[in-house]
């Protein structure tokens, strides 16, 4: 019975992976800090650890800091349902 209880507890525990580190986010949690970006990502500026801030290729960055009235704005992102 003790062996069965030990076995159940062992299976229920989350496995510990050595070398697993926290993913650093950038650009308001829309990007990920990596040494090199993937094929579907574009590098944008740098993170605090001197790695590239990788954003998805479909992301658009507004330099002015305010949302512009184009097809990518929040109001025009989805069609309106009447």
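Glycine too: its Cβ is placed from the backbone N, Cα and C atoms.
Per Swiss-Prot, the features are as follows:
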{"type": "SIGNAL", "residues": "1-19", "note": "signal peptide"}
{"type": "DISULFID", "residues": "26-53", "note": "disulfide bond"}
{"type": "DISULFID", "residues": "33-47", "note": "disulfide bond"}
{"type": "DISULFID", "residues": "37-54", "note": "disulfide bond"}
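Between the CA atoms of residue 53 (disulfide bond) and residue 33 (disulfide bond) there is a gap of 5 Å, rounded to the nearest whole number.
For residue 47 (disulfide bond), the same-chain residues lying six or more positions away in sequence with a CB closer than 8 A to its CB are 24, 26, 33, 53. Long-range C-beta contacts of residue 54 (disulfide bond), restricted to its own chain and to partners at least six residues apart, with a cutoff below 8 Å, comprise 31, 32, 33, 34, 37, 38, 41, 42, 43, 44. When the disulfide-bonded residues 37, 53 are compared by the number of other C-beta atoms lying within 10 angstroms of their own C-beta, 37 comes out lowest.
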